[in-house]
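Participant: The structure's right below; bear with me while I get my questions together.
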C-alpha cells in the first residue's frame, strides 16, 4: 500500500522508513520479548545504582568517612521522562500516523503525529537529561569511579529504554501475516 | 503414555532441584531475600497464559497477532529478566553473598526451564484438542 517514491506525501513527518528486518515469521514475537528484556534491563541497571547508593557505608577502618554523593531524585527524572515517552510512543495507533486516505480525518492524523513527536521528545529529553546529570553531578565534581557509575548507569538506562521503544515499534509494525509496509 | 510419564517425573525432579537450590541459597546464609527469585519465576508464565486467551477469539487463524498478546509477552520478558537481575543486584549491593546469588540464579533457571519445557512438551495435546 506504500506510495511510489516519486510523489512524496508532504504530510509525512519523516521520509525514511524504518529498515525492514527479515527474521522470519517469529520476528514479532522475538522483537516483543527483546523489547521487554531491554526494558527490564534498563530499569534494573538504574535500580542497581540506586540500591548501591543506599547501601554505601563507611569502611571499617575509617568510621568518620561518608560517601560523598548519593542517588537522589534528580537521578530519577531522566528515567521517568524516558518511561513516559516510551508509553506515549507505543500507545499511538500506528495506522493513524501513516495517514492514508479515507482513514480518519486529517486532524486526527495531525494530532497523532503531535503525540508521537511529544513521545520522541520525551525520550530524547530523558537521554539528554541523563547525560547532563552524568556530566554535571558526577564527572565535573571529579568523584571516584564507583560514584561515576551512578551516572553511567543512568545513561545506560535511558539508552536501553530508547532501544526498547525502537525494537517494540519495529516488531509491532512488522506484522507476520499482514505485512505492514510502514512509512512513518 | 510411558514416555509422557517419564517426562513428567524427570521435570518434577528438575523442578524440585531448582527449588532446593533457591531455598538452600536462602537458608545457608540466613538471608531469605533470594526466595523472591522463586516467586518471580513462578509468576513469569502467568501474563502470557492470561493474555493468550484475549486474542484467540478474534484472530483464531493467526494467534500471534494482537496487542494483548504482545503486552503479555512484554510483561513475561520483564519478569524473566527481573528474576535474573534481582540476585545480581542484591549481590552487587552486598545484601546477599555471591554464592547465594549464583545458587539462586541457577535454581531460578532450572525452575523456569522446567516450566518452559513442560509447556512445550505438552503443547501437542492442546493442538489435538482444537
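Cβ from N, Cα, C; glycine included.
Nobody curates TrEMBL annotations by hand; they come from automatic prediction.
In case it's useful when we look at the structure, here is the feature table from TrEMBL:
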- A:30-53: transmembrane segment (TRANSMEM)
- A:73-93: transmembrane segment (TRANSMEM)
- A:114-140: transmembrane segment (TRANSMEM)
- A:152-171: transmembrane segment (TRANSMEM)
Participant: With the transmembrane segment (A:152-171) as the reference, find which of A:30-53, A:73-93, A:114-140 contributes the most Cβ pairs under 8 Å.
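Facilitator: Looking only at A:30-53, A:73-93, A:114-140, the most contacts with the transmembrane segment (A:152-171) come from A:30-53.
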Participant: Near the transmembrane segment (A:73-93), which residues from the same chain, at least 6 beyond its ends, have a CB less than 8 A from one of its CBs?
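Facilitator: For the transmembrane segment (A:73-93), the nonlocal Cβ contacts are 39, 42-43, 46, 49-50, 112, 115-116, 118-127, 129-130, 132-133, 137, 150-151, 154, 157-158, 161-162, 164-165, 168-169, 172.
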